[in-house]
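If you look up TrEMBL, you'll see 1-18 marked as signal peptide. TrEMBL lists 99, 276 with the feature substrate binding site. According to TrEMBL, the heme binding site annotation covers 424.
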Ligand code: HEM
């Protein structure tokens, strides 16, 4: 047995020794088990570009005991999405998220039909319900904005991130879950927010199944977060969204779900709604503030939309009027700051066809990864890719959708919300939330970055949208045209 252990530690397991025909090149590190994980974590983009140079667009990396096959050519993504039966997205989530959030596995026989009900609930983030949801969101953003940030004249200064966080966190909580019957705002939001941030900062490790007890105090933090959403507590809240109301009812159908499990599901949904939206809003703000010419054009677009209608701030206009410069600027900030990767778990050994003349052999249990950041920084697709060009996604006053690689039009050129079976169900809501936030900021405030700060770039590794470790500061003051009105 010592011999086998030694072989294992040296990385000499079957998949390493016996590479099969047509399998992609395998890259394994010198450090047993961890493989290349440490290098990847330090700077994923740099690491992958280096491997791409040596091995081409497709290669397998052994990391933390897993075989991860990276497919870096975006022209190949449609072929991967097509194989949704053999390349499964949900399995990955089902195996990781329940333990991370503390609820029992959804696909267990004890909860027959729950998986399908959850998938159905996502339709309530779209269509007519989306309109209601976005209207409420704007009302709630206005509520927090008016009570916490208006009513001062003169310049004030603050952290961009803290500003985005405090507005988006509370407005999203109110919009999705409603508010206590006797108050318009929740008590204890700042404690909830602090716990949320603590949990979020360790999420990438918890989702890799690092035991929660290894992080001091984290179990208590998660317990607080779950307790906030106990059914007997939230059932007394009013103005709850249809989406959450329906999920509450559907959890009631399952007598094997304990109250604490239902609460853990609610907490997980709050996390899904905020973990990317807050940093994405932050980066959109930061890029606009650090590019005054873009800020001016976007501000003008917003002002024009609202002047025509003579309405203060209206949801329909935000969703339907701000489709050119503002939307392009937000997308451009997504391109520069999103490190979303899309994973699929291989369900059986098979030959994955990647077009007319190309295929690779993959094995059951391996993970296929589409890593779009490589394309975001590919100068063939995006000229001067490191530059923030707010109008990159506009052409002749309309949305630009044609981006090319090897003279072929790309079907997927921007995918911060995932793609295929892993497309985010909250993407329309998220886009609208970010536009609403920017509208309020630009309609009401004169804005500047604080002097003396260097140029910041998003971090190069991680999941979703990552923040910069520095606390970037800005100055804001009620626009002179509005000072008499508030
Ligand atoms: C800028 C904001 C957002 C971004 C970039 C984003 C991105 C994503 C991505 C990439 C996934 C797929 C996960 C994966 O591949 O592992 C996902 C899933 C999900 N997102 Fe979002 N999201 C955002 C906002 C939201 C909002 C506001 C909501 C809800 C109100 C939401 C709800 C969800 C849910 C429930 C899933 C899991 C879907 C499933 O199980 O199939 N997201 N999101």
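Any Cβ shown, glycine's included, is placed from N, Cα and C.
For ligand 1, the neighbouring binding-site residues among 99, 276, 424 are 276, 424, by Cβ distance under 6 Å. Residue with the densest Cβ environment among the binding-site residues 99, 276, 424: 276, by other Cβ atoms within 10 Å. Straight-line distance linking the Cα atoms of residue 99 (substrate binding site) and the residue listed as 'heme binding site', rounded to a whole number, equals 21 Å. In this structure, the CA atom of residue 276 (substrate binding site) is 11 Å away from the CA atom of the residue listed as 'heme binding site'.
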